[in-house]
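First the structure, in the form of structure tokens, and then the observations on it.
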Amino acid sequence: MELPFVTHLFLPLVFLTGLCSPFNLDEHHPRLFPGPPEAEFGYSVLQHVGGGQRWMLVGAPWDGPSGDRRGDVYRCPVGGAHNAPCAKGHLGDYQLGNSSHPAVNMHLGMSLLETDGDGGFMACAPLWSRACGSSVFSSGICARVDASFQPQGSLAPTAQRCPTYMDVVIVLDGSNSIYPWSEVQTFLRRLVGKLFIDPEQIQVGLVQYGESPVHEWSLGDFRTKEEVVRAAKNLSRREGRETKTAQAIMVACTEGFSQSHGGRPEAARLLVVVTDGESHDGEELPAALKACEAGRVTRYGIAVLGHYLRRQRDPSSFLREIRTIASDPDERFFFNVTDEAALTDIVDALGDRIFGLEGSHAENESSFGLEMSQIGFSTHRLKDGILFGMVGAYDWGGSVLWLEGGHRLFPPRMALEDEFPPALQNHAAYLGYSVSSMLLRGGRRLFLSGAPRFRHRGKVIAFQLKKDGAVRVAQSLQGEQIGSYFGSELCPLDTDRDGTTDVLLVAAPMFLGPQNKETGRVYVYLVGQQSLLTLQGTLQPEPPQDARFGFAMGALPDLNQDGFADVAVGAPLEDGHQGALYLYHGTQSGVRPHPAQRIAAASMPHALSYFGRSVDGRLDLDGDDLVDVAVGAQGAAILLSSRPIVHLTPSLEVTPQAISVVQRDCRRRGQEAVCLTAALCFQVTSRTPGRWDHQFYMRFTASLDEWTAGARAAFDGSGQRLSPRRLRLSVGNVTCEQLHFHVLDTSDYLRPVALTVTFALDNTTKPGPVLNEGSPTSIQKLVPFSKDCGPDNECVTDLVLQVNMDIRGSRKAPFVVRGGRRKVLVSTTLENRKENAYNTSLSLIFSRNLHLASLTPQRESPIKVECAAPSAHARLCSVGHPVFQTGAKVTFLLEFEFSCSSLLSQVFVKLTASSDSLERNGTLQDNTAQTSAYIQYEPHLLFSSESTLHRYEVHPYGTLPVGPGPEFKTTLRVQNLGCYVVSGLIISALLPAVAHGGNYFLSLSQVITNNASCIVQNLTEPPGPPVHPEELQHTNRLNGSNTQCQVVRCHLGQLAKGTEVSVGLLRLVHNEFFRRAKFKSLTVVSTFELGTEEGSVLQLTEASRWSESLLEVVQTRPILISLWILIGSVLGGLLLLALLVFCLWKLGFFAHKKIPEEEKREEKLEQ
């Protein structure tokens, strides 16, 4: 077998950088513009070019003192010095709208919008409010600002005149009949006190008349309620003998409401006539009333009957005149009181009826629905106007408004009831929280608006708004999680920049991720023709943390010059509210799911909070023709500059192309080595346009066998790693560098030497270009080893292997392994008869009953044989590594020892020689050699028997003992005195038991075993007839030849070295048999044989196979004794006993000894 080598082979491997590594937004050199954090400076940002300068506009909607957060917009110069501060625009100080009062807490700057190509912009204050009666309505307003940063009007498309926008002229009878005048003054003061007097609400004028009318004060004379009350208090009666009411009404309707007297053309006109008598010019009354009708004047008539009642006159004619003066119906516009004092009683009723009137408006039906619309909360520029979100319209259900050329268009309240059911109108869906639009193929445009609180999950609708206010919803998108604020931010994206929308991004910044973290999520929808919006996937921060990812989003031009637009997503709560900005690259089919860059505020040189709360990236602000990105933070605005993108094409060429295994051409560190030179080259290209320095520096470092233990190669004058070097590159050119290295160790020629170069652009001194995403950051060259194999560079070898074992054994005549021999020798010879054999190896496999003790070369040889043990019964040996050269021959001796634990019937040794060189099939048969022999083992066993009864005497009848004879035990013992683990042994016991006629003389009563299994077989039949008891006197032995024997066969368990096993046989002697028999002495012979199972690898010696147990039985005769001898013996015994008793008596043995108390008692009795 050969591993193919080609001398000119190169194997370059390129390693790419990760997707989340920093890309071409320069986060290390940001442009920071600080501002007041308490003003929420950074809430909104807008890139702006106007007046020949580049600015970054920053909204500070909470700017101003506490209680008057008017808000403002700061302009931060970008083209000038880096430390130039931001200038406050003071836009909040201007009078916005037609209000005469300065707005407070309007929060100007919450949204900023670039206007069409005039260098101006629009700043919105959604909380701009105006008072209407006792209510305050936040309709919102947007200020138009020109290129010189001066307000040029405002937009308040939902701001409407208050219902109390009225001009009220009081025509007061001051003739002599009015009495008392103080009651009239009180009536005037109380009536004025109920009116909301303000230049934007109610103005009051007064005409007093008697004989002639007089303008006491005109409509525009007083601006506050206090001024009018003061004038009413100081009003004097004109007096007069006549009451010319018609003339006064004519003057009031023709002069009092005129602009010269402070009248407002758009205000509602109310005339209040107070008189106590019928007019003296009644014939002129129809003309006066006609003039009032022409001037759209609504008339209240108040008849004071005090003069008539005091003189007891009929007031009918007077009341008819006053009813004629009052507008219809009389129930609403006519009053009569009994006297002057009673005027104060109708003040409340009159005030209520006045406030029941509304101003004159063209769109009266929607005035109250848009009062809290908060225009400017969200804005979107269209080609033909501006799209506003009206988040507070329709009781906070929300809506949108399209302003086109001064014409406003918005859907009526019920136009969206299919999407936003009226039953849920109190849930505050906040439609208009975000607005945008998308352009489909074919030129069709759809408006987009988010309602993040709809059903608490959020909703986005794509719709068309027609000229008549009708709405056609093309598709709606629903949020998936309660409280996620789905739809709070919308970002349509034209990825391929063909003018049509390809992707819609919908943010849910409060989406709860794992571990209840407020991670946020952005949903990516593909825009299609068949299915309008199809969910492609989601974007979210990793790992999960509190982020509010998607709080701000901004479409970006093609930052990475790949032809597709990109998008930025803010996450202001990341890293403990420091914030982060994510950059995603667009593709032909959408948006890449992983961020190309994450810019964390924590990694910036300035401490920031809530970085990423707003973002805008459309223009080049620093003048390098590259798009920059503006990002808002708490109290700061940051400008991130784009950096040029270059693409590096590295190459690495090595000379010579391969490393010689045998030849060395130089000396390094005092050793022979192979020297090589590598040419490292870089070709630089770039698609980045603009004015930037096309020359830059790069740092690189090189290493040899970086991940390999042990140094095979090193750089000249250095080690395995080369110190970092700096190289100057230029776009459009190829720059090269020479690297010199050498190889000392060629033994591991299979693995090429790996030369690895890693590189990166050097931007330590100034911001420079970045590498394209497709550019490598390292290159590796694998330099192979070459072989000395002739002109064809192909080594053809012929390995010949011969083996010889010093034992022989066949199946019929196996070799017996006896105790004196424990080893077997195998002589091995390996020879190479052709070309070099590289990486020659010898595989050795041997049977489990062998242990390799040693491998010894037979003669001194320069060829090394080194072996490793992949397993207990295999070896893998390298021979002459790395090259087993032509004609080489090596002989060595393998010494094996027989295993004591594994006993097999055969030993074998198999050897196989191989190399990486090529060997023809015709010579492969001698690459393998095997030798084997059949064997048996002679174990060292000791087989013995011992008995507890060796001789037994049989007593005749009439003597003791009587009954059966004794029970005795014969113990058989097998001891393993060798090293082998022996198994499969069998003990066969032949126990003589039965004589002629089935008479038992011995019988087996019990078998006691330990580590053995025994069975008792049938009685054996002797070669001849069993011996008869009467004939025992003619034989002296009982054995298996003349008796029937009991046979016990025991299979012994495994017997380890130094252990033993025993079998106990309990037998009973039958006295009855031997008492009847005629004999003097005989021997019972029990025979025991130790054998092996069939097919066993054991071979037992004769000495260890047999054992005997002998029992000698002897019959005794009775001895007769004379009767006189017995009688004499008894009498002699009795005489001897009497003599013994007499002697003891004489010695006092039988005398009773008294105790001391008894002696004393006897002495006393005697006395």
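Placement of Cβ uses the backbone N, Cα and C atoms for every residue, glycine included.
Positions annotated as repeat 'FG-GAP 1' by Swiss-Prot: 24-85.
The N-linked glycosylation site annotation in Swiss-Prot covers ASN98 (among others).
ASN234 (N-linked glycosylation site) falls outside any helix or strand according to DSSP and counts as coil. Summarising the annotation, Swiss-Prot assigns N-linked glycosylation site to ASN234 (among others) and lists sequence analysis as the type of evidence.
Sequence annotations record features per position, and here Swiss-Prot assigns N-linked glycosylation site to ASN336 (among others). DSSP assigns ASN336 (N-linked glycosylation site) to a strand segment in the three-state reduction.
The N-linked glycosylation site feature in Swiss-Prot is assigned to ASN364 (among others).
If you look up Swiss-Prot, you'll see ASP494, ASP496, ASP498, ASP502 marked as Ca(2+) 1 binding site, on the strength of similarity to another entry. Less than 8 angstroms from the CB of ASP502 (Ca(2+) 1 binding site) sit LEU493, ASP494, THR495, ASP496, LEU526, VAL527, GLY586, GLY590, each of them six or more residues away in the same chain.
Per Swiss-Prot, the feature repeat 'FG-GAP 7' maps to 597-657; the stated evidence is sequence analysis. In terms of DSSP helix, strand and coil, the repeat 'FG-GAP 7' (597-657) has 3 helix, 30 strand, 28 coil.
If you look up Swiss-Prot, you'll see ASN733 (among others) marked as N-linked glycosylation site. ASN733 (N-linked glycosylation site) falls within neither a helix nor a strand when secondary structure is assigned with DSSP, and so counts as coil.
Sequence-distant neighbours of ASN763 (N-linked glycosylation site) (same chain, 6+ apart, CB under 8 A from its CB) are HIS28, PHE696. ASN763 (N-linked glycosylation site) falls outside any helix or strand according to DSSP and counts as coil. Annotated N-linked glycosylation site per Swiss-Prot: ASN763 (among others), in sequence order.
As annotated by Swiss-Prot, N-linked glycosylation site applies to ASN839 (among others). For the recorded site, ASN839 (N-linked glycosylation site), the DSSP three-state label reads coil.
Counted within 10 Å of its Cβ, the other Cβ atoms near ASN921 (N-linked glycosylation site) come to 6, all protein chains included. Residues or ranges marked as N-linked glycosylation site by Swiss-Prot: ASN921 (among others).
Summarising the annotation, Swiss-Prot assigns N-linked glycosylation site to ASN1011 (among others) and lists sequence analysis as the type of evidence. ASN1011 (N-linked glycosylation site) falls outside any helix or strand according to DSSP and counts as coil.
Under the heading N-linked glycosylation site, Swiss-Prot lists ASN1018 (among others), citing sequence analysis as support. DSSP classifies ASN1018 (N-linked glycosylation site) as coil under the three-state reduction. Spatially close to ASN1018 (N-linked glycosylation site) yet at least six residues away along the chain are VAL1047, judged by Cβ distances under 8 angstroms.
Under DSSP, ASN1039 (N-linked glycosylation site) is assigned to coil, being neither helix nor strand in the three-state scheme. Taking Cβ-Cβ distances under 8 Å and a sequence gap of 6 or more within the same chain, the neighbours of ASN1039 (N-linked glycosylation site) are PRO992, VAL1084, VAL1085, THR1087. The annotation N-linked glycosylation site is assigned in Swiss-Prot to ASN1039 (among others) on the grounds of sequence analysis.
The topological domain 'Cytoplasmic' (1146-1167) scores a mean pLDDT of 66 in the predicted structure. If you look up Swiss-Prot, you'll see 1146-1167 marked as topological domain 'Cytoplasmic', on the strength of sequence analysis.
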Report summary line: Between the C-alpha atoms of ASN921 (N-linked glycosylation site) and ASN336 (N-linked glycosylation site), the distance in angstrom, to the nearest integer, is 135
Query - Shell list (Ca(2+) 1; ref centroid = CB of ASP494, ASP496, ASP498, ASP502; cutoff 8 A) - result: LEU493, THR495, ARG497, GLY499, THR500, THR501, ALA565
Query raised in the report: Should ASN921 (N-linked glycosylation site) be counted as helix, strand, or coil on the basis of DSSP?
Result: helix
Report task. Select the closest residue to ASN1011 (N-linked glycosylation site) from the following glycosylation sites, measuring between CA atoms: ASN336, ASN733, ASN839. Result -> ASN839
Report summary line: Within 10 A of the CB of ASN234 (N-linked glycosylation site), the number of other CB atoms across every chain shown is 9
Query raised in the report: Of all the recorded positions given, namely ASN234, ASN336, ASP498, ASN839, which is spatially nearest to ASN733 (N-linked glycosylation site) at the Cα level?
Result: ASP498
Query raised in the report: Residue counts in helix (H, G, I), strand (E, B) and coil for the repeat 'FG-GAP 1' (24-85), per DSSP?
Result: 3 helix, 27 strand, 32 coil
Report task. Out of ASN234, ASN336, ASP498, point to the one nearest ASN839 (N-linked glycosylation site) in space (Cα versus Cα); all of them are recorded positions in the record. Result -> ASP498
Report summary line: The number of other Cβ atoms within 10 Å of the Cβ of ASN839 (N-linked glycosylation site), counted over all protein chains shown, is 22
Report summary line: Same-chain residues at least 6 apart in sequence with Cβ under 8 Å of the Cβ of ASP498 (Ca(2+) 1 binding site), in sequence order, are none
